[in-house]
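K.L.:
Sharing the feature lines straight out of Swiss-Prot:
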| type | residues | note |
| --- | --- | --- |
| BINDING | Ser102, Asp242, Asp244, Asp246 | Mg(2+) binding site |
| MOD_RES | Ser102 | phosphoserine |
| ACT_SITE | Ser102 | active site, phosphoserine intermediate |
Amino acid sequence: MGKYFGTDGVRGVANTQLTPELAFKIGRVGGYVLTRHKQEGKPKVVIGRDTRISGQMLENALLAGLLSVGAEVVRLGVISTSGVAYLTRALGADAGVMISASHNPFPDNGIKFFGSNGFKLSDEVEAEVEQYLDAAEDTMPRPTGEQIGTVLEFLEGGQKYLSHLKSTVSERFDGLKVVLDCANGAVSSLAARLFADVDAEVITIGANPNGININDQCGSTHPERLVEEVLKHKADLGLSFDGDADRCIAVDNNGEIIDGDYIMAICARALKAKGKLNNNTVVTTVMANMGFFKGMEECSINTTKTAVGDRYVVEEMLRGGYNLGGEQSGHIVFLDYNTTGDGLLTGLQLLNIIKESGKPLSELKQVMVKYPQLLINVRVEDKSKLNGNEAIAQAIREVEEDLAGNGRVLVRPSGTEPIVRVMAEGPDAAQLEGLVNRIVDVVKQQLV
């Protein structure tokens with residue numbers, strides 16, 4: 001991670017950390033670095049945002065920066081991160097930009113870029129952007145006259161994206177009832193339209209954004225209300241998205257939460273059965289539950305692990321020629337259809353598997369059995385001090401000895417927040433609480 005870029009773009013509290021002035025610079029630098037190869041005509045950049053109150057402020061600042069380097073900007077309005085990634089490619093743009101802080105609370109916001117291929121930027125490109133941001137002098141071009149950039153409104157982009165999603169499934173979903181929790185975020189209007197268009201019976205919650213209620217006790221990080229609604233309506237499936245809808249957490253017909261590990265396992269087995277799982281492999285991260293790996297082994301499906309972050313999952317998928325990967329948090333990547341985690345696409349594929357198999361999600365999830373897992377987030381002053389802290393390392397070693405090879409411990413800094421995550425897995429849920437809290441106590445002593 002760099003000075004500005006975390007694992008998912010630039011983030012901070014809008015108007016204090018992520019200011020309009022910084023957004024202008026990011027637009028100017030990002031627009032230049034990503035489009036300077038353009039030989040003829042103005043470079044094209046698409047831009048979308050979620051529903052945060054600060055989105056319009058940052059969008060206009062970004063726009064000014066992009067226009068100042070001569071870009072033609074296609075404004076999509078409120079749309080998902082995955083919609084921006086798809087439309088960057090579909091519209092032949094040179095770059096894409098999404099304004100969102102994903103699952104973070106509404107005062108935060110963020111900016112992430114996509115290259116012309118729809119993929120997130122590499123560490124190397126982000127490092128170059130940071131060099132320009134920190135340069136003592138702005139040496140980038142300042143076109144004048146007719147070479148100054150222009151803005152094109154393309155609010156039909158959302159419908160174009162939905163048409164693409166519908167083309168990825170062959171089934172119609174009449175007879176299936178789905179509850180959608182839109183997190184008062186980017187797909188508050190798109191999600192219901194998509195699932196109604198494929199004939200599912202749709203019930204929506206968290207679909208009334210007001211600028212400050214995004215992710216507020218709703219969405220993929222708060223699935224409790226979705227569980228209640230699925231049981232209340234006797235639905236076949238519940239789908240919960242985060243603020244920018246690049247992730248999806250499901251709820252089965254019995255009201256049980258189905259996280260990204262389960263979703264990947266279900267989709268991997270379904271793709272393998274059709275002969276469509278590239279290289280018989282699914283890509284996940286170090287956060288995946290031990291039960292996921294055991295379940296895949298029993299299905300004779302290979303797995304490979306990366307660092308946390310869907311960008312690293314995608315890099316490994318491209319390297320190995322794989323088409324399915326994701327994270328426990330619900331970022332699921334179907335590389336045949338999109339270049340990043342896509343909550344709407346994930347939900348649609350799950351519904352398609354339910355319809356094709358004739359089996360409820362509660363039965364499909366039996367492809368794996370989760371090991372008990374406990375995760376505690378500790379808010380700290382400086383997460384960078386985790387590395388090299390001997391007291392914390394010693395606490396981890398002692399807990400690993402207590403698990404005696406029948407479990408695991410993972411302690412890592414968040415890529416997007418001032419948080420250290422302490423996670424342990426093992427066969428005994430009661431034992432885990434004591435083990436994790438031993439490490440948490442040391443983290444608090446050392447870093448808080």
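Backbone N, Cα and C define each Cβ position, glycine as well.
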K.L.:
Check each residue in the chain of Asp246 (Mg(2+) binding site) that is at least six apart in sequence and keep those whose C-beta is under 8 Å from its C-beta; list them in sequence order.
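P.N.:
Within the chain, Asp246 (Mg(2+) binding site) has Cβ neighbours under 8 Å at Ser80, Thr81, Ser82, Ser102, Asp310, His331, Thr340, Gly341, Asp342, Gly343.
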K.L.:
Tell me the Cβ neighbour count for Ser102 (Mg(2+) binding site), meaning other Cβ atoms within 10 Å of its Cβ, over all protein chains shown.
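P.N.:
Result for Ser102 (Mg(2+) binding site): 32 neighbouring Cβ atoms inside 10 Å.
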K.L.:
Within 10 Å of the Cβ of Asp244 (Mg(2+) binding site), how many other Cβ atoms can you find? Include all protein chains, please.
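P.N.:
Step by step: centre on the Cβ of Asp244 (Mg(2+) binding site), count other Cβ atoms within 10 Å, giving 35.
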K.L.:
Using the Cβ center of Ser102, Asp242, Asp244, Asp246 as the Mg(2+) site position, which other residues in that chain lie within 8 Å, going by their Cβ?
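P.N.:
What remains near the Cβ centre is Asp50, Ser80, Thr81, Ser100, His103, Gly185, Ala186, Phe241, Gly243, Ala245, Arg247, Gly341, Gly343.
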K.L.:
Would you mind pulling the DSSP three-state label for Ser102 (Mg(2+) binding site)?
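P.N.:
Once the DSSP labels are grouped into three classes, Ser102 (Mg(2+) binding site) ends up as coil.
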